[in-house]
């Protein structure tokens with residue numbers, strides 16, 4: 001049985017018919033599935049929840065440290081802006097890099113959950129962006145609040161695309177150096 005079938009065929013189907021390929025949730029490892037009953041999605045599995053929680057804790061701690069180290073500039077929360085932009089760049093590069101290396105399983109899935117969903121999710125903060133924008137608007141800095149919100153979203157999108165482009169370029173250079181053509 002090939003690797004794909006080994007990981008995506010429920011245990012009971014492998015025993016009954018080694019060639020059976022039942023469609024299941026792609027976020028579910030067959031080895032994680034009970035021998036009887038449906039496979040459990042990864043968002044319900046404690047080890048994956050733990051990965052996201054650990055990454056989120058590290059990301060939140062990093063965000064807090066940076067927020068304390070970089071004071072607002074003329075009332076503009078520069079730290080949150082920089083955090084969100086850096087997080088968008090990181091997430092774009094991470095996800096592109098993982099996607100180019102193969103299917104979202106095993107080590108790649110672990111890295112995506114720990115670093116992408118967990119760390120980047122804890123590091124970046126939409127709620128602080130919204131709150132800081134609200135404080136600027138309520139504080140009478142209408143222009144600053146509007147520009148801060150729009151620039152953060154636009155520059156964040158550009159940062160994500162830049163991260164994707166950097167990871168794709170790195171992957172192409174690695175393949176060229178190795179003589180590949182993928």
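In case you wondered, yes, glycine gets a Cβ from its N, Cα and C as well.
Counting Cβ atoms from all protein chains shown, residue 121 (Na(+) binding site) has 18 others lying within 10 Å of its own Cβ. Annotation comment: TrEMBL describes 121, 124 as Na(+) binding site.
Marked as compositional bias 'Basic and acidic residues' by TrEMBL: 1-18.
Here TrEMBL flags 1-20 as region 'Disordered'.
Per TrEMBL, the feature transmembrane segment maps to 76-99 (among others).
Positions annotated as transmembrane segment by TrEMBL: 111-130 (among others).
The list of residues near the transmembrane segment (142-168) in space but at least 6 beyond its ends in sequence, with Cβ under 8 angstroms from a Cβ of it, reads 75-77, 81, 84-86, 88-97, 100, 129, 132-136. The transmembrane segment annotation in TrEMBL covers 142-168 (among others).
Within its own chain, the transmembrane segment (111-130) has Cβ neighbours under 8 Å at 42, 48, 51-63, 77, 80, 83-84, 86-88, 90-91, 94-95, 98, 104, 149, 152, counting only residues six or more beyond its boundaries. Cβ environment of residue 124 (Na(+) binding site): 59, 63, 83, 84, 87, 88, 91 lie under 8 Å away, each six or more residues apart in the same chain.
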